[in-house]
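Visitor: Copied straight from Swiss-Prot:
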BINDING   T229, A230, E231, E283, S383  L-serine binding site
BINDING   R260, S261, E262, E347, I348, S349, S350  ATP binding site
Amino acid sequence: MHDLRALRADPAAFDAALARRGEAPAAIHIASLDEDRRAAVTALQDKQARRKSLSKEVGALRRTGEDSTALEAEAVQLREDIEKLEVLVRELDAEIRDCLVVLPNRLDDGVPEGADESANVVVHQVGERRDFAFPPREHFALGEALGLMDFETAGKLSGARFVVLRGALARMERALGQFMLDLHVQEHGYTETAVPVLVNEAAMFGTDKLPKFADQSFRTEDGRWLIPTAEVPLTASVAGDILPASALPRRMVALSSCFRSEAGAAGRDTRGMLRQHQFQKVEMVSITAPGDSDAEHERMTRCAEKVLERLGIPYRRMLLCAGDTGFGAARTFDLEAWLPGQDAWREISSCSTTRDFQARRMNARYRPADGAGPEFVHTLNGSGLAVGRTLIAVMENYQNADGSITVPQALRPYMNGLAAISAR
């Protein structure tokens, strides 16, 4: 949600920020609605004040036995006027809100211009890509040959974009999630949190998933939503709160199932585990004071990078351009892992700062240490990492000519010392 005061102060700058994302100008229309609302509020307050004084005047006349008919008639008219003005204020409030909630966050000045992912900027690249002595295979070919990755049974059970993992691959997926959680909790200072996968509409709205992405999420018949990411319950846990400055930064991490309808993804990544309706993901969320959020964004991204470094997966950090930055983000770093089977870099983590965009939607604030009035917090979120995609990266980077997969050293303590996954 945007700050109306900032819009009123500089409507041209507001529209320029929208233009960076390819959005049409909106400031003049919203400012006009806001002027109408403020005028209606002033008129309402004047009428309410007059009603209060009128009540005293009528009472005084009645006590002296004088005629109060004219004043009583005025009171009737005032009541009608107040009711109409109250309706008008509510309608204008709703109209302004409807305009604001569909507008994306204002981008950081350092976000590069560009319409799509082709304009994203490589910040750095880490790790050497392995030189294979054989043609590397994609993860689904490896998994099916091992007899441990079953898309046919998943299709029978649930349809397309699901998978059944068995044996050592299922164990490796579990090991990856546990390894990531342990790293973030024990070394990075996050608090492990177990969250519901069903949330209410307010939680989805507050984390900017509604109304914009309603068609990309699953809604239950009773009006609740399956979470597309644990960012939703973690971030929404501070909705409506006023946190003490001493409680910041608040760092939380969760491993959860995530659910996405993948609307608009027809024909993309139809084979394998890259794009699924249900998947596991470790999510990091930080709640900070405004002055600390940029440093926290870098810190969070480094926490995600550490996972890839411990696993020995080559990766690169990308700064997303204006046209590729998500709706609620002010700035986003994507981490892309090298997948030799695809001969391509693929996103495995996305770390974003939303500044106060989500906080305004959910009224999440903190009280500064100097005793000043409450201010909106800043919220950040990042994948630490997507477990299924990390499994893909491990399989493709650690595959052997005979189709077996070497288990990375970092995962062996979680797999009872298993050194390699071979065909059953």
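Just so you know, glycine gets a Cβ as well, placed from its N, Cα and C.
Map the listed features onto the structure and describe their local environment.
Guide: The DSSP secondary structure for T229 (L-serine binding site) is coil. Contacts of T229 (L-serine binding site) defined by a Cβ separation under 8 A and a same-chain sequence distance of 6+ are given as S256, C258, K281, E283, N381, S383, in order along the sequence.
Other Cβ atoms within 10 Å of the Cβ of S261 (ATP binding site), summed over all protein chains shown, number 17.
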Visitor: Fewest neighbouring Cβ atoms within 10 Å: which of the binding-site residues S349, S350, S383?
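Guide: Looking at the binding-site residues S349, S350, S383, the Cβ with the fewest others within 10 Å is that of S350.
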Visitor: For E231 (L-serine binding site), list the number of other Cβ atoms lying within 10 Å of its Cβ atom.
Guide: 30
Visitor: Write down the Cα-Cα distance for E231 (L-serine binding site) and R260 (ATP binding site), rounded and given in Å.
Guide: 14
